[in-house]
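Okay, so here's the structure we're looking at.
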Amino acid sequence: MYQLARSLLFKLDPEVSHELSLDLLAASSRLGLNRFLGGLPSTKPVDVMGLRFPNAVGLAAGLDKNADAFEALGALGFGFVEVGTVTPKGQAGNPKPRLFRLPEHEAIINRMGFNNKGVDHLVSRIKSHRYPGVLGVNIGKNLTTSVEDAAADYLACLESVIPYADYITANISSPNTPGLRSLQFGESLAQLIAPLVAARDRYEAAYGKRVPLAVKIAPDMTDDEIKMVADTLVDQGVDGIIATNTTLSREAVLGHQFEKEAGGLSGMPVRDASTHVVKVLAEHLKDTLPIIGVGGISSGADAVEKLQAGARLVQIYSGFIYHGPELIKEAVASTDAYYRELDLGI
């Protein structure tokens, strides 16, 4: 069924088909049809960051930027859904065209530029729904905000969403906002994260609820850089690391007509790089921080590979575009079987 729908959607401009799909999913929620979307399978829950996830497979940020369809997306079987990236003020993002499919590689290039309707709109969307699942909110900075002042944007977003999110992700690794990736390193990273951790702790002290803070990092780093980032995040007291965002590398798609398009490359070409980052993190952190693995998952085996490398949870996005809900089912079944075998010592 999805393959037929995909063949029709892929005849449209990528961004048009994206918006159409979200509109249809949002309509499913409005009409009370989500119960027909499949629902959560019976699986062993996974406890990470102090939260209980129904299963280990989540939807990565970027698909539902404005929390338009998170209820329906959750009803497809995801163990958790991450909305955003959201910024303090709404912004249009980069000029179009800015989204490109590479079907031969099951890949996508995007240079969207954090297009979203702003944090107040996103909060209003979340407040107007009763979502029973685990909901993450991915936060970023506005294009007009300097890198030096970025912490204020992240803090404004965190303080707005923390009453409504199950966890929050600071996106410091999108390649489509100039200078953003420089925040991953050294004192810049510490200065960005420290006020977010302090705000998380203030909220917990005031309301008795800890909302975990994760940080999403890029795949385009050396092993030493990955370790330095990890050390800083541990020192600052974050709750998790999401590895990874899209890559700037085009090595895997050389010769493709979109090879020279600017933006981040996601999908199968980033799989090995993201898995490598997960492995380096896991070996270095030694269970100090949980890792959520994302990048190039297009099968159940790919999802398990991330867990074997050291991730506790996984997220999918591009693979979902190419394979639809069947990938969710396959990844959930495979990761659940993996965890059950670990429990049995098989």
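Counting starts with 1 at the first residue shown.
For all residues, glycine too, the Cβ spot is worked out from N, Cα and C.
Positions annotated as active site, nucleophile by Swiss-Prot, on the basis of sequence analysis: Ser174. Among the features that Swiss-Prot reports, FMN binding site is placed at Ala61, Gly62, Leu63, Asp64, Lys65, Thr85, Asn138, Asn171, Lys216, Thr244, Gly267, Gly296, Tyr317, Ser318, with the record citing sequence analysis. Feature annotation from Swiss-Prot assigns substrate binding site to Lys65, Asn110, Arg111, Met112, Gly113, Phe114, Asn171, Asn176, Asn245, Thr246; the stated evidence is sequence analysis.
For Leu63 (FMN binding site) paired with Gly113 (substrate binding site), the C-alpha to C-alpha distance reads 13 Å. Neighbour list (Ser174 (active site, nucleophile), Cβ cut-off 8 Å, at least 6 residues apart, same chain): Thr85, Phe114, Gly140, Leu180, Arg181, Asn245, Thr246, Gly264. You'll find the Cα of Gly113 (substrate binding site) roughly 11 Å from the Cα of Lys65 (FMN binding site). Each of the binding-site residues Gly113, Gly267 was ranked by the number of other C-beta atoms within 10 Å, and first place falls to Gly267. Reported as a whole number, the C-alpha separation between Asn171 (substrate binding site) and Lys216 (FMN binding site) equals 5 Å. For the pair Ala61 (FMN binding site) and Arg111 (substrate binding site), the C-alpha distance works out to 14 angstrom. Residue pair Tyr317 (FMN binding site) / Arg111 (substrate binding site) shows a Cα separation of 15 Å. Put simply, Arg111 (substrate binding site) is 15 Å from Gly267 (FMN binding site) when counted between their Cα atoms. Note on Asn171 (substrate binding site): other Cβ atoms within 10 Å of its Cβ, all shown chains, come to 28. Taken residue by residue with DSSP, Ala61 (FMN binding site) is part of neither helix nor strand, so it is coil. All protein chains shown were included, and the count of other CB atoms within 10 Å of the CB of Leu63 (FMN binding site) stands at 23. Between the alpha carbons (Cα) of Asn138 (FMN binding site) and Arg111 (substrate binding site) lies a span of roughly 17 Å.
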